[in-house]
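What TrEMBL annotates here:
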- 466-617: domain 'Thioredoxin' (DOMAIN)
- 68-86: transmembrane segment (TRANSMEM)
- 106-125: transmembrane segment (TRANSMEM)
- 137-162: transmembrane segment (TRANSMEM)
- 182-202: transmembrane segment (TRANSMEM)
- 222-243: transmembrane segment (TRANSMEM)
- 249-270: transmembrane segment (TRANSMEM)
- 291-312: transmembrane segment (TRANSMEM)
- 394-414: transmembrane segment (TRANSMEM)
Amino acid sequence: MVKNIIGIGEEITDYKFSGILDWLIHIQDPRELWKAQPTYLISEWAFITVGVLTFIHSQRVGGRFKWLWLSTVLHGLFVENVTFWTPEINNFWHSQTTIMLLGRRLPLHILCLYPTFIYSASVCVSRLRLGKLANALAVGLSVVLIDMPYDIMAVKFVHWTWHDTDANIYDRHYWVPFTSYYFHATFAASFTLMFHFSRRLVCNNDPKNQWISDNRISREILCTVITALSGMPGGVFQFLPIYHPLHDYFGLHTENCVITLAAIYFLIVWRSDRNPSPEARAAKDQNCIAKINEVVLGLILHYSVYLGMALYGNPEDEIAVGLHEKIGPCDEWLEQQTIFTLVTGETSKRRKYLCATDYDEQYFDFKCVNGKIPKQYSEWYTICGTPFPNRAEYVQTIGLVCFMATMIFGAMLFGSGAEWETRSQTTKTNNILLPLFTSLLNTLTYKKCQLLTQINNFILAFQLSIMASDKLVSISTPEQLDQLLEVNKGFLTVLTFIAPWSTTCKTMMELTREFVVDPDLEHILFCEITVEDFPTIAQKYDIKSVPSVVFVRDNQVTERLIGADVQDLTTKIMEHTNTGPNLSGKPTRTVKTQAPAAGVTSSDSLPLNERLKQLTHQANIMIFMKGNPEKPRCGFSRQVIEIMRETGLPFETFDILEDEDVRQGLKDYSQWQTYPQIYVKGELMGGLDVMKEMKEMGSLIETLKGV
């Protein structure tokens, strides 16, 4: 009996699109998908939910976790597209979901699959504090563990189909090609290795914390693109030493190749974990409940969906109407080449079309359309799921995988090191999540007519929380500012009123961006408001001139500053730091701008570059900082002074906040855009990151001495 489902039994030989927008995105009624493939609808929105959870986690933790999440999505988009549009490897077809992209080939939720797999695995493995290679391989193994229940159950419920005769996917495990596990492991490992390696090449890095972002966003963007594009070729390369020789040349079953790869991965990871750092183990007084985060919830949802499908799902009731492998003559074959074709000249063959009367994909048939086989060259047709040959076997297999995941990921998340902290992480973020979930829960209690309004409010609150976590927001609407002040209630918000034509405003904007990256100011939210665009906001805060700075806490103005007084603003801001201003240690000399030291020509009578040259040569070790050693006015300057005190070496400092010409000119003079800056015998050594790295390597004192 044919079910009453839109499109069931329809056969199209050359599927056409009504325009570029129709090719780019297509949305279908979820109610129809629920009638045809209820488990697919559940799986689709489970992936989207976990994708959102991992995104929230990346924003909450901050640093390079934000870039990791973005990299996984771009990596997925690249891999899927290369696969779809390269005939030699175009060997699977997704069934249709609620939201389809790119010619009905790419379901939207597949873009969330990659952060669900790779981001979740990376977060878990990062707690182990492994070496760089072991970390990448551990991510690869963890991705396979996350993928297994999805791969096994989704193909059984015809969420997609595989090519019937492709030699590379011929060897199966519950109709899942063994090469699918090989693919997930190698691609994820390559992706992870390149994510960190590219940043070691082109970014500034903290030697103790690889998750702290480079302040130069362009470098992080470059590495994100490199990572997204490199995961696939790096994964393909790992097929060469194991899979292609053993499978293509010696004829071994793909299962042997996968076991070999997994054993190599595991042994390297195990050896690295035999000598862990102290940070890789859980504290004795840890609160396990406090460790439940977005990634934990995402993994629980993921495994629950596929265990539930094994327990309660009926694959024989699933009907997939859409694009599948094209039906065609059974006697037309295509040659497949591998890397060994270049050596031996041998090729493999696969059918050009699906032979509807002679195929070995026992997870689907045509019984739901009364056994009617689609006509020749159909590419849009209906397929039907088949019953479990033994449900108990599927329950046992998926149950075992879920048990293994509970033990392994539980050990990583609850029995290993703490969650990484980054400079962009703020104490207010946990409070930001509360109104989000409160808003979501409220939608469940309101009347149906109010549902859309509540969803809209939830989305707005979510967007505002992400903006707030970025610490610097350019205001685009008065409502946005009101919402941000409400979200940031209890914390300080600094409103800077500017005008694009004002040169003094540019100075204040540069200073604000320096405040944003200061670790001692992580709890402060900075907002920039263009007065000409929002006169009502300017009037509300009584702004008469620009630049003006207003301090707001609990929706009340606590202080205001008028004009571009860099020193006064810095003083006010630093009053809100989390650290005390005084440092003990050896006395040092601070160079004063109003009283040049002996032998130094007055700054008024020297060109700026000459003056900068004399200042950088003022002492063997010269530090240009905000404030002075007794009262640093930024966290980075404070840390530099602390390290210098530890060395016991004499040094002199210059307070850049007292001389705007020096502050701006030294950036061009040294081609170094941030402060503090350390000079040894007139040569730039670098900033805080360089100093920390040298200290870690044991070369700092020799460098400071100019040896």
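Positions of Cβ are set from backbone N, Cα and C atoms, glycine also.
Since we're looking at a predicted model, the values are computed, not measured.
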Contact ranking winner - 106-125, 137-162, 222-243, 291-312, 394-414 against the transmembrane segment (249-270), Cβ under 8 Å
137-162
Of the listed stretches 106-125, 137-162, 222-243, which one has the most C-beta pairs under 8 A with the transmembrane segment (182-202)?
222-243
What parts of the chain pack near the transmembrane segment (137-162), using Cβ distances under 8 Å and only residues at least 6 beyond its ends?
37, 39-40, 43, 91-95, 113, 116-118, 120-122, 124-125, 128, 130, 169, 173-177, 180-181, 184-189, 191-192, 262, 265-266, 268-269, 299, 302-303, 306-307, 309-310, 313, 315, 318, 320, 324-325, 361, 363-364, 383-385, 388, 394, 397-398, 401-402, 404-405, 408-409
Average pLDDT across the domain 'Thioredoxin' (466-617), rounded to a whole number:
75
The transmembrane segment (394-414): which same-chain residues, six or more beyond its ends, come within Cβ distance under 8 Å?
124-125, 127-128, 142, 145-146, 148-149, 152-153, 156, 174, 282, 286, 288, 291, 295-296, 299, 303, 306-307, 310-311, 388
Within the same chain, where does the transmembrane segment (222-243) have neighbours whose Cβ lies under 8 angstroms from its own Cβ atoms, ignoring anything closer than 6 residues to its ends? I mean 6 or more beyond.
67, 70-71, 74-75, 77-79, 82, 179, 182-183, 186-191, 193-195, 198-199, 202-203, 254, 257, 260-261, 339
